[in-house]
2 protein chains.
Amino acid sequence: MSQTYKGYLIDLDGTIYRGNETIEAGKRFVERLQEKNIPHIFLTNNSTRTPQMVVDKLGKHGVNTDVTHIYTPSMATAEYIQNQDIENPRVYIIGEVGLYRSLLDSGCIYDPISPDYVVVGMDQDLTYNKVKKATLLISNGAKFIGTNADTNLPSHEGLIPGAGTILKMVETATGQKPVVMGKPEKIIVDLAMKQLQLDKSDVAVVGDNYNTDIMAGINSHLDTILVYTGVSTPEQIAAVKDKPTHIVNSLSEWEV
Amino acid sequence: MSQTYKGYLIDLDGTIYRGNETIEAGKRFVERLQEKNIPHIFLTNNSTRTPQMVVDKLGKHGVNTDVTHIYTPSMATAEYIQNQDIENPRVYIIGEVGLYRSLLDSGCIYDPISPDYVVVGMDQDLTYNKVKKATLLISNGAKFIGTNADTNLPSHEGLIPGAGTILKMVETATGQKPVVMGKPEKIIVDLAMKQLQLDKSDVAVVGDNYNTDIMAGINSHLDTILVYTGVSTPEQIAAVKDKPTHIVNSLSEWEV
């Protein structure tokens, strides 16, 4: 298969690795991009890791890269808030270290009393009290932002609750829908594209999950490459109306 | 106002008390029922208190009663599970003491490894790990029961998340809807009616909340008395299609 793209936005879990397992064809795809100096950004929906943690994780899978090639929903949230032109934006956070670092490093002030924003992401230390606090703050006027709406995450124990389940709990308690950053939303793709500095017609989104990766491309009017090494299956894709631009069984089929 | 009923199912919060405040007309209504020996049951959507705790709470508001006059979603859950004719039913529980006591006292065995049921109610000590465990157990085949679907609870801090927000988080993670016991569901009313031992045509449901109390009566084909001392307002009732059978500003207007 071949169609020339000048750049790629590449998903991680299910595309480059599957949990702790390396997807060799994904890894070689990245190496081929690196050999030809083709611009690319790893675009993940994981808000819990800092960019350096993502680089380290990729390194364990034999993919050598740096933080300039990483874009996360936590980075998107920080950039989104900075773009709102509120001086010294104040935030209450439900999330893990990746989200805390992105928001605080970008100049947000942590304020659990009267924040401008309540930002909610994946949090394995979630408690009722955090949700209660978020609920009361949003009811008092704080804006509700979600890093990503994934309902499930794969784990060695099975599919476990993702950030989307926490968003839904807060949404049910407040009656308010969050502004969501992560794939399939346009926001994170547009922000990652700013970093890539290429025309939309020259870039493809690569990923294994139709509902997040491919829909993100479709919502942002980018071409898409679906790879069957993760979540989505040929049976599921047969049933969808908007097909991916390209479909491969493995990224070894994709010429760059 | 008057229409004769032989028995009453009476809501608590918003009807007899409002948080720590006694609703005097509600208290006197109960005293009039007691003077005339008119059968009645206090039918609450609160799963966190044991029946004795509910009796003690009513006592603090000057309403003297006993556990035979109390029916809770936790009691309904225990009775519902016993009615399924599974020998030694095994349960995993997200909830507080009222739910634990009802289930364990009725013969359920606590089993966080391979339960027949995952029962979810209000839990101010909710953690991500409890939701994760519930999600994995339900995905492995355990049946999903919710005590009640209230999205909010009044508190001195404002409206805080109710059991319904926890149910929604588990539902979002599992893709499965729970069987719900509490008002407005028919289940809890039918079980309380078994205890009252009267014909449906002779009993009225009394409460302040159209969406739970009155809808429970409507769903169970019982007459209803809405009282404007709590959640619902005349403006809201003007907009609903199925009106309560009777509406009073205060229960002092209701002759028994």
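Each residue, glycine too, has its Cβ placed from N, Cα and C.
The candidate list B:Asp208, B:Asp223, B:Asp242 contains one residue that TrEMBL assigns to the Mg(2+) site with B:Asp11, B:Asp13, namely B:Asp208. Classification of B:Asp13 (Mg(2+) binding site) by DSSP places it within a strand. The highest number of surrounding Cβ atoms within 10 Å, among the recorded positions B:Asp11, B:Asp13, is found at B:Asp11. Cα spacing between B:Lys183 (substrate binding site) and B:Asp11 (active site, nucleophile): 10 Å, rounded to the nearest whole number. For B:Lys183 (substrate binding site), the Cβ neighbour count at a 10 Å cut-off comes to 32, with all displayed protein chains included. Its Cβ placed at the centre, B:Asp208 (Mg(2+) binding site) has 24 other Cβ atoms within 10 Å.
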